[in-house]
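Trainee: I have a structure here, written as structure tokens, and I will follow up with some questions on it.
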């Protein structure tokens, strides 16, 4: 009998917004949303540190490290902001508008893929927006695992049935990609689509600066960073963190504000510290999860540099 690889995750509607907002959020109910018979042989992957040299990113911790899957409590977490979008290029407030990558954004994603190509990835989480999903897919084109990322569709019973995979060998060579609206960019309300410079001239630089950079002041009909943080961190705790605890290596491709929120949680930053945190487009950040703690390893420089995080199969 031929077995099917099935995936179940949180149902989403237009622009990735949840169909059933009353659905349980606890990590103990994760299986209700995402039950996966997917052959991820993580114990065959080992991340070893060849040389203790990485880029001079602001979050760099130069201490040598290694990941061994002899222990299920140690795993890698890669965070990456999407590559440049068309509205980034035009200096427009993007927020939850679904805008694709520019040519430069595509190049940034490919370069990011080269930089993490030696770090094992077992699962991918992205926002529901195309620029984050494009980034995740392009990153994986460069990976030495040569596994194919597959977006999981569970919008309906039919979509779940129609997207089942019936080859065990194919599932072994695939990586599940979970999309979630909770990882979307901060919703900028009435600023979305407006030019940032023109908006500052219209409303005043000080007011627009508060909308953009304060922690708890939202723009008109939009979200503050605090509001974005509440949904992004809750999702991370409920769905991403359990995978890290189980020993899986996870990549999260998302947005400036949703990732700032997650980093605030990982590094226990204050509301004042997080508002000064800047994340460049298409630059991956690496964290090591060990026994409930996250250690920042900065931004991997890739296999062509002196510092190499070498992926090997043992």
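Keep in mind that glycine also has a Cβ here, set from the backbone N, Cα and C atoms.
Not measured: the values here are computed from a predicted model.
Below are the features listed in TrEMBL for this protein:
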- 81-88, 94-95, 131, 185-188, 196, 212-213, 256-257: substrate binding site (BINDING)
- 82: active site, tele-phosphohistidine intermediate (ACT_SITE)
- 185: active site, proton donor/acceptor (ACT_SITE)
- 255: site 'Transition state stabilizer' (SITE)
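Can you tell me where each of these features sits in the structure?
Mentor: Residue 81 (substrate binding site) counts 28 other C-beta atoms within 10 Å of its own C-beta, drawing on all protein chains shown.
Counted within 10 Å of its Cβ, the other Cβ atoms near residue 82 (active site, tele-phosphohistidine intermediate) come to 33, all protein chains included.
Here residue 185 (active site, proton donor/acceptor) comes close to 94, 95, 96, 127, 129, 228, 254, 255, 256, 257, 258: these same-chain residues lie at least six apart in sequence, with C-beta atoms under 8 angstroms from its C-beta.
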Trainee: Between residue 82 (active site, tele-phosphohistidine intermediate) and residue 186 (substrate binding site), what C-alpha distance do you get in Å?
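Mentor: That comes out at 14 Å between the alpha carbons.
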